[in-house]
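Novice: I am attaching a structure below and will ask some questions about it afterwards.
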Protein chains: 2
Amino acid sequence: MDPTLRRMVCPVLAFLLLLEGGMLSLSSPPPAGLLGRLWQHIDHHQDELVQALKEWVAVESDSVQPLPRLRQELSRMMGLASERLRNLGASVDAVDLGTQQLPDGQTLPLPPILLAELGDDPRKPTVCFYGHLDVQPARAEDGWLSDPYTLTELDGKLYGRGTTDNKGPVLAWINAVGTFRALKQDLPVNVKFMLEGMEEAGSVGLEQLVQREKDGFFSGVDYIVISDNLWLSRTKPALTYGTRGNAYFTVEVKCRDQDFHSGTFGGILHEPMTDLVALLGSLVDSSGHILIPGIYDQVDPVMEEEKAMYEAIDLDLEEYRHSSRVRKFLFDSKEEILMHLWRYPSLSIHGIEGAFDEPGAKTVIPGRVLGKFSIRLVPHMNTTAVEKQVKQHLEHVFSARNSANQVAVSMTLGLQPWVANVRDRQYLAARRAIRAVFGTEPDMIRDGSTIPIARIFQDTLQKSVMMLPLGAVDDGEHSQNEKINRRNYIEGSKLFAAFFLELAELHQ
Amino acid sequence: MDPTLRRMVCPVLAFLLLLEGGMLSLSSPPPAGLLGRLWQHIDHHQDELVQALKEWVAVESDSVQPLPRLRQELSRMMGLASERLRNLGASVDAVDLGTQQLPDGQTLPLPPILLAELGDDPRKPTVCFYGHLDVQPARAEDGWLSDPYTLTELDGKLYGRGTTDNKGPVLAWINAVGTFRALKQDLPVNVKFMLEGMEEAGSVGLEQLVQREKDGFFSGVDYIVISDNLWLSRTKPALTYGTRGNAYFTVEVKCRDQDFHSGTFGGILHEPMTDLVALLGSLVDSSGHILIPGIYDQVDPVMEEEKAMYEAIDLDLEEYRHSSRVRKFLFDSKEEILMHLWRYPSLSIHGIEGAFDEPGAKTVIPGRVLGKFSIRLVPHMNTTAVEKQVKQHLEHVFSARNSANQVAVSMTLGLQPWVANVRDRQYLAARRAIRAVFGTEPDMIRDGSTIPIARIFQDTLQKSVMMLPLGAVDDGEHSQNEKINRRNYIEGSKLFAAFFLELAELHQ
């Protein structure tokens, strides 16, 4: 079915089926009546649900920039979420993580992690939802068409920092739970929440808390659901069974702390920017191939069955390219594109701190510059080996330059990749719920991004972890004009409600 | 004589000579009595002169960042200077330059250029002082030890943006004139001022005004003095007879306007930062040699007599290196260092606009980045040829990458180099004045920086142009913690007073 047609048909179908008390999807019958009533309630309260998102987006809960003001906003954000969970009837434990000392010596408070519980019926499955309420930095002047912290709706799109990453999906889960409460229906599952505020800055303190609560908060948990990534398309839902890791590096080149005037010193200095540009230029070639010796040694070889899986994925490359607003990708085939996003490493240069970055023409020789780049890791690369390879490579390149400057390479984040077992029961429940809401099978995909919590949960708790994204591919997470479609947010709330029912049924 | 000793001896000597009405310098007799009284007056009013500088430094007259607020500050700065000149008795014409349209479409007001006159006695020589009252950007958080716009004195150093570049020297000239007025002494020269507010941003509108006023304001001018550069040492004065030019380039690489998330898109994009780093990395090698084909073709060959001149210059390389706080320069000999600062071109990479430049670890693929670099030009390179060579080179490098991105190279400033005739009368007068104040011959030097007005005056007006710097080599112009020594500012005011008297005498 044409995806556009499918989107139009679905709500009509749902409404008709609701009236008849009949089946809600072409392939998977939900419990008669209840799911329909849940969905109708969600539809009738759409604007309230959007208003709730607006309130959360209004909080500048940016965890990336290490500023006391922003940490206060983060703390306020966690307080708002805590209040909303308590209003649902959940018991909430706001776990204090204390403070964080930054490399520059600054000490900043960490936002608490919320551990919340709703129901403890031993006959029901227990599903824990992980989400985060911190966001990437956003400045209006970076090219936002509306204020990033004022939720703005245009053509069915809800624009604002954090709408899709990850405030919208967290609220959708809360909306699903809240709808059962509003209709005075017993929740078919026990629900737990783990909500953090440092995901965009390396999830400080999270892994330790998961380990600590392994036999506490997490002891009765059967399933863990994360909704912190995107579909592969603008219209077709997806289920995600793997993510790449990330090794984030800084390379500092220093001549002296002060900058120089390029007229007064240009021509006699080993200029730090010249060194840094050469170092950054040695990392990756114009075809995207990483030039660090040994970096591909630990990458899994591609198996025949894996190739077949990639071939089965329904991706309109032209549509994808168009919605990404990219003239041309590095590769021409669907399989190559997906493999390079999901199962091969990539290296991106993010920027330079300490150089001239403002409009205008400043004639400065920066005295000390800090380059930033990161490598997305795939099975079975590991951060320790990658750190060593990167440092050796950069030190080798630098030493060949005979520069009098000082260089320092540092891996500031090292997050492992993750792959799940897609035969777990909750994957089946999610597929059924997706069919109910969207009338289609999901794409079974990986995600090129890093959601370290997935691997932490799987490694630490040995529980089934599933990623069930709500956002569309063009949501622009981490970018200017981030948005979530009103439809994805509302249907996503319905999807989670359906998932609870399906999971309860399958769990018996 | 040891420079430190000389600095201590000089004021004592001046005072003794004043009492005796005798000679003021070892080599050049000033008019008996008057010069001494001028100097004494300056010494007695030191704190008032410093206070005047404090008031000017407090104005954030940053012309580099194209912001309406800063243009208002610039305009206020020109108003303060105008008022001070009028108080001296000068007639002041604040020439309105209208507005400036920036490449991004923004229109900003330009500060006026002040043309001021004091005296029109046809028997006296007429000397025109050129200076600028705009400054480079400065932010406290860039590493300033005191607020950049609050003049702060520590150990005889007056810290603040613009103290040495160029507010201090402009005020020193005004102080010299003011001292004659205060003592009710006839000025031995007719004085004119041309003060602008856009020097750090390419002197917009200035050249046109000089051309327009060639037969007007400038018709009676015999000599032009500029004091907008630095000595070669911390203690020994200098006279400057040449400057390098500057060709400032931007190179934009664009995939799309929005940024990307490096997890969602890393691995399949021609990343603009990767392209840009490769382009910037193709410009200059680790020994400072510019790699743009043909760039050295127009550089004057080194003559034997020129070599001898460089050998004669008194430069303590170790002291220079130490005061610059640089571990090691690209070259080991005094001659190589000076030639690479003055008579060879250099290329500096200033920074990148549009990439991630803040603290923290943002996982962004910038969608559109703008690299900035500039080439200091020497005789007889010219900006037109250089622009062509740079564009051809970068387009060649880019095309070899087969990138799908768009590249745009632009020369945003093109300023020619300048060399003066050191046999002009005012150079002799300045040498005498320097001997009177500092008891030493000046270093005869060039400057690696670009002061385009020197060349504009010489080319347009065919007048003798001289650069008579007041600041010491460690003043940190364009850098954090810019300063002028109190001594340089005060003795500089005396030097200009002595120069007026010497010039009048030689002119007869």
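Placed from the backbone N, Cα and C atoms, the Cβ positions cover glycine too.
Just so you know, TrEMBL annotations are computer predictions that nobody has curated.
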Novice: Which of A:GLU196, A:GLU200, A:GLU207, A:GLU441 shares the Mn(2+) 1 site with A:ASP165, A:HIS478 per TrEMBL?
Specialist: A:GLU200
Novice: Do the recorded positions A:HIS132, A:ASP134, A:GLU199, A:ASP228, A:HIS478 include any whose Cβ comes within less than 8 Å of a Cβ in chain B, and which?
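Specialist: Among the recorded positions A:HIS132, A:ASP134, A:GLU199, A:ASP228, A:HIS478, the ones whose Cβ sits under 8 Å from a Cβ of chain B are A:HIS478.
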Novice: I want to verify one value. Collapsing DSSP to three states, which class is A:HIS132 (Mn(2+) 2 binding site)?
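Specialist: Reduced to three states, the DSSP call for A:HIS132 (Mn(2+) 2 binding site) is strand.
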Novice: Quick one: which residues besides A:HIS132, A:ASP165, A:ASP228 have a Cβ within 8 Å of the Mn(2+) 2 site's Cβ centroid, in sequence order?
Specialist: A:GLY131, A:ASN166, A:PRO169, A:VAL170, A:GLU199, A:GLU200, A:ILE451, A:GLU477
Novice: Could you tell me the C-alpha distance between A:GLU200 (Mn(2+) 1 binding site) and A:ASP134 (active site) in angstrom, no decimals?
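Specialist: Here the two Cα atoms lie 7 Å apart.
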Novice: Between the recorded positions A:HIS132, A:ASP134, A:ASP165, A:ASP228, which lies closest to A:HIS478 (Mn(2+) 1 binding site), Cα to Cα?
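Specialist: Minimum Cα distance from A:HIS478 (Mn(2+) 1 binding site) across A:HIS132, A:ASP134, A:ASP165, A:ASP228 lands on A:ASP165.
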Novice: Among the recorded positions A:ASP165, A:GLU199, A:ASP228, which ones place their C-alpha within 10 angstroms of the C-alpha of A:ASP134 (active site)?
Specialist: A:ASP165, A:GLU199
Novice: Under DSSP, is A:ASP228 (Mn(2+) 2 binding site) part of a helix or a strand, or is it coil?
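Specialist: Going by the DSSP assignment, A:ASP228 (Mn(2+) 2 binding site) belongs to neither helix nor strand, so it counts as coil.
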